[in-house]
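Peer 1: As annotated by Swiss-Prot, Ca(2+) 2 binding site applies to D314, N316, D318, Y320, D322. Positions annotated as Ca(2+) 4 binding site by Swiss-Prot: D443, D445, N447, Y449, D451. The region 'Disordered' feature in Swiss-Prot is assigned to 1027-1048. Per Swiss-Prot, repeat 'FG-GAP 1' is recorded for 32-98, and the stated evidence type is sequence analysis. The feature repeat 'FG-GAP 2' is assigned by Swiss-Prot to 109-170. What Swiss-Prot records for 173-225 is repeat 'FG-GAP 3'. The feature repeat 'FG-GAP 4' is assigned by Swiss-Prot to 237-291. The repeat 'FG-GAP 5' feature in Swiss-Prot is assigned to 292-357; the stated evidence is sequence analysis. For 358-415, the entry in Swiss-Prot reads repeat 'FG-GAP 6'. Summarising the annotation, Swiss-Prot assigns repeat 'FG-GAP 7' to 419-482. Per Swiss-Prot, the feature motif 'GFFKR motif' maps to 1019-1023. Positions annotated as topological domain 'Extracellular' by Swiss-Prot, on the basis of sequence analysis: 31-992. Annotation comment: Swiss-Prot describes 1017-1048 as topological domain 'Cytoplasmic', evidence class sequence analysis.
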Amino acid sequence: MAFPPRRRLRLGPRGLPLLLSGLLLPLCRAFNLDVESPAEYSGPEGSYFGFAVDFFVPSASSRMFLLVGAPKANTTQPGIVEGGQVLKCDWSSHRRCQPIEFDATGNRDYAKDDPLEFKSHQWFGASVRSKQDKILACAPLYHWRTEMKQEREPVGTCFLQDGTKTVEYAPCRSKNIDADGQGFCQGGFSIDFTKADRVLLGGPGSFYWQGQLISDQVAEIVSKYDPKVYSIKYNNQLATRTAQAIFDDSYLGYSVAVGDFNGDGIDDFVSGVPRAARTLGMVYIYDGKNMSSLHNFTGEQMAAYFGFSVAATDINGDDYADVFIGAPLFMDRGSDGKLQEVGQVSVSLQKASGDFQTIKLNGFEVFARFGSAIAPLGDLDQDGFNDIAIAAPYGGEDKKGIVYIFNGRPTGLNAVPSQILEGKWAARSMPPSFGYSMKGATDIDKNGYPDLIVGAFGVDRAVLYRARPVITVNAGLEVYPSILNQENKTCPLPGTDLKVSCFNVRFCLKADGKGALPTKLDFQVELLLDKLKQKGAIRRALFLHNRSPGHSKNMTISRGGQMQCEELIAYLRDESEFRDKLTPITIFMEYWLDYRTAADATGLQPILNQFTPANVSRQAHILLDCGEDNVCKPKLEVSVDSDQKKIYIGDDNPLTLIVKAQNQGEGAYEAELIVSIPLQADFIGVVRNSEALARLSCAFKTENQTRQVVCDLGNPMKAGTQLLAGLRFSVHQQSEMDTSVKFDLQIQSSNLFDKVSPVVSYKVDLAVLAAVEIRGVSSPDHIFLPIPNWKYKENPETEEDVGPVVQHIYELRNNGPSSFSKAMLHLQWPYKYNNNTLLYILQYDIDGPMNCTSDMEINPLRIKISNSQTSEKNDTVGGQGDRNHLITKRDLTLNEGDVHTLGCGIAECLKIVCQVGRLDRGKSAILYVRSLLWTETFMNKENQNHSYSLKSSASFNVIEFPYKNLPIEDIFNSTLVTTNVTWGIQPAPMPVPVWVIILAVLAGLLLLAVLVFVMYRMGFFKRVRPPQEEQEREQLQPHENGEGNSET
């Protein structure tokens, strides 16, 4: 925001930033203001019409007007640009606005081309107030200069019109000039009248912008006026004086209001000082007799502009004036903890002791400038308490502006607005600023209710909202008898031979209100039986005359007259037609006013008092077998057991809850078993294959994000009832943090008393079970020596130079149901025996979440690995690339001899350690170890003609589970994989005889001939085509424009 400079630094025109400091702020329903057809007024475009507003009620005239300031309007004053106007607007349907002539002259001069004053851009009409025949309008940016100085100073000036007299009032146009005096006073920035016909004027620029309040008597202003005297002294003037430099830049007089705050019956002066106390802001209250200080209020937040607006009215009806203070830049923390500008109004309630109790009212929108204007409304709804309007001129949709109406009450201000007025004009070059100026507390249409004017200077508009007369209705409804006996059927049902149980419904209306209301008021009344039953449900009671649950009636009521009543007969349906006997039958009465017939001559319609409900209801009860008091008090109990004491994580655990429900008291109506089930469980159904268990009707539903199974226990569930039922669930999807699953069970009924059983919680513990196994296989599992065509090579380079491939495969598999997150696999491999190599490891591979390391170098001789390794890895049976040297058992003649077992207890072993990651149910991790049988070792003479069993061993242990809060048992196991090496003799292969081959060929040809003959006899080779019509044959010919056109 822009503010005036300190000390003698000059700006031209001086004082303009101070006036615009408020202007440049960024751009429900008292329920009885008429928002349907408000009176709208418009002024010259760009004139800021609506910057200030007031009512004008001249005592000598029956007509009443609106006063609207347009401070940037052009006038007929010679040589003046945008001098500003105040317009008087007729509130009637004509809605014409005419400028009031306060000053028709141009600038006055000391001499030719030596001006004394400067009226262009003076903002006349920036403030306007009236009292009876008197109108005070000011131009706070009016400039003048003394004959001694050439500099212009914004002292401000006002014009006071009293009846037919119009005088100028410029108390700051004095010899006390310059910034340290009244040279920058901007007199008339804020104004008001007191009850004793004094004028109160604020000049926030006096004394280095300390600010000043000045008050003079209207009679003295008029009597002492002399157009030839520029600086007039008033004998009865009250004014604040200059203070210490610490009070500079405080802006006393920025806003003003009046009210009695010391009980002497004389209006005292209230002024906002928004930059006082190091920009905390203050509000001063001065004695209206001598300008002495009565009370001060200080803001709580720097730069909130506390005191931007002030108002005084008795809001709580205790006959003491209360103070309203606006701080439109106040910031509060939002739900995210961040500061945001919402604005605030402080309401200080005056007590009999003279102290004040302050309550805070924060704005509802960010950057709306809540509290920019505050207007007392008088008693808007005639409830005995004054009301208030608070504006947020940059709130609402597209920043069009909002005015909130708050009602007074004995404890102060109702914090919830009863009505919200919204601007409807879009922004032009600046925001509409709907609500920047407001004035209420005047009954312009004489209907007994005060009205409200709202200005929107950004779109050059002013709006008059008239208050609608309030009608208070007293409605009565009586039902008798209130206890309905279904067995007592005494009323004939029209059109039948049946008799029904009936009861009487008596409904009454009385209406009254203050102000201009018609003597007769038309209402429409609607009655509805069994109101609380949902739409489409069977209503248990009907009216006898129309056999319907509803009845409509038009009633004409005399305003202020006696209660007017009518009576109807209603009856109960037969008990076979409905279930619910326990819930009360609600009889509901609602009424509406016929607003069109109640409107006044101007079309203004009254409104029903919103604080009086527009409906009334009564209840009737069906007589029950529940003792003399007709109140059933059941005693409901539930217990539960299950067929499973433990549930394993990861498994689809079937679980059956055996529930026992019983009632040891009086009947329970619409009784239901409610089972709240955990997220890990799904409802399967009711156990129906047991004679001992009741076959309940159950359904799954979600209630307030709680998953429930609801089972019907009867209506009523009679005294002494015991039910045993089985409910089947599937429990799965347990989380890693769960330790149990919990079911909550309760019996609920619709009874009024003792309607539910205690909640019973049943827990089933969770457990971990992981069936982990390790399996191994050798591929091949036998190798037979000697190997044909194998020759020793001193420096082997390929696999064939060493010997046949031997692959051991180990699979670690989790059969579940639970998962584990970490395990260790230890492999021991028979590597050497007596310094002779046994199984030479070429490489190892893994499949699955596993990482391995070995304690020796793998393939240190860098023997080239065959390309067939991939296929062999996936072949768990064997599969060396060259099977010519492998001989199966049935092909061999074994040499019986000693079998030497070479495992890690005898041979030197290489160790491979693997860390296995998470394995869920059904998952596995596989280790493939590819090696070569070191044939040289077994071809040594001392090792021949022996059988060898080469054994590798693998063991595992699970070391970690993902379940943090459950006890875990150790899981471990081991296995061995054996490769047998055996010496044997390979028999010579026997060739297939030629005659066998010839016979096989002939047999095949004979079979083919037989098949062809059979198919021929069945007509398989005969082709049958359907006849084609001529048109179809023509379509096969090329078209004229087709590719086959012969002319092309």
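Cβ atoms are placed via backbone N, Cα and C, with glycine included.
Could you place these features in context, so I can see how deep they sit and what lies close by?
Peer 2: Cβ neighbours within 10 Å of D322 (Ca(2+) 2 binding site), excluding its own Cβ and spanning all shown chains: 27.
Mapped onto three states, the DSSP output places D443 (Ca(2+) 4 binding site) in coil.
Per-residue pLDDT, averaged over the repeat 'FG-GAP 1' (32-98), rounds to 93.
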Peer 1: Cα-Cα separation of D314 (Ca(2+) 2 binding site) and Y449 (Ca(2+) 4 binding site), in Å?
Peer 2: 17
Peer 1: Have a look around D445 (Ca(2+) 4 binding site) and count the other CB atoms within 10 A of its CB, chains all included.
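Peer 2: Result for D445 (Ca(2+) 4 binding site): 18 other Cβ atoms within 10 Å.
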Peer 1: Hey, how far is D443 (Ca(2+) 4 binding site) from N316 (Ca(2+) 2 binding site), Cα to Cα, in Å?
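Peer 2: A Cα-Cα distance of 21 Å.
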Peer 1: Within 8 Å of the centroid of the Cβ atoms of D443, D445, N447, Y449, D451, which other residues of that chain place their own Cβ, given that this set defines the recorded Ca(2+) 4 site?
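Peer 2: Residues close to the Ca(2+) 4 site, other than D443, D445, N447, Y449, D451: I444, K446, G448, P450, R466, A467, G515.
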Peer 1: Whole-number Å distance between the CA of Y320 (Ca(2+) 2 binding site) and the CA of D445 (Ca(2+) 4 binding site)?
Peer 2: 28
Peer 1: If you count other C-beta atoms within 10 angstroms, which of the binding-site residues D314, D318, D443, D451 is the most crowded?
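Peer 2: By the 10 Å Cβ neighbour count, D451 comes out on top.
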Peer 1: Which three-state DSSP class does D318 (Ca(2+) 2 binding site) fall into?
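Peer 2: Going by the DSSP assignment, D318 (Ca(2+) 2 binding site) belongs to neither helix nor strand, so it counts as coil.
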Peer 1: Reported as an integer number of Å, what is the Cα distance between D318 (Ca(2+) 2 binding site) and Y449 (Ca(2+) 4 binding site)?
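Peer 2: Just about 21 Å between their Cα atoms.
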Peer 1: Taking 10 A as the limit, how many CB atoms besides its own sit near the CB of Y449 (Ca(2+) 4 binding site)?
Peer 2: 26
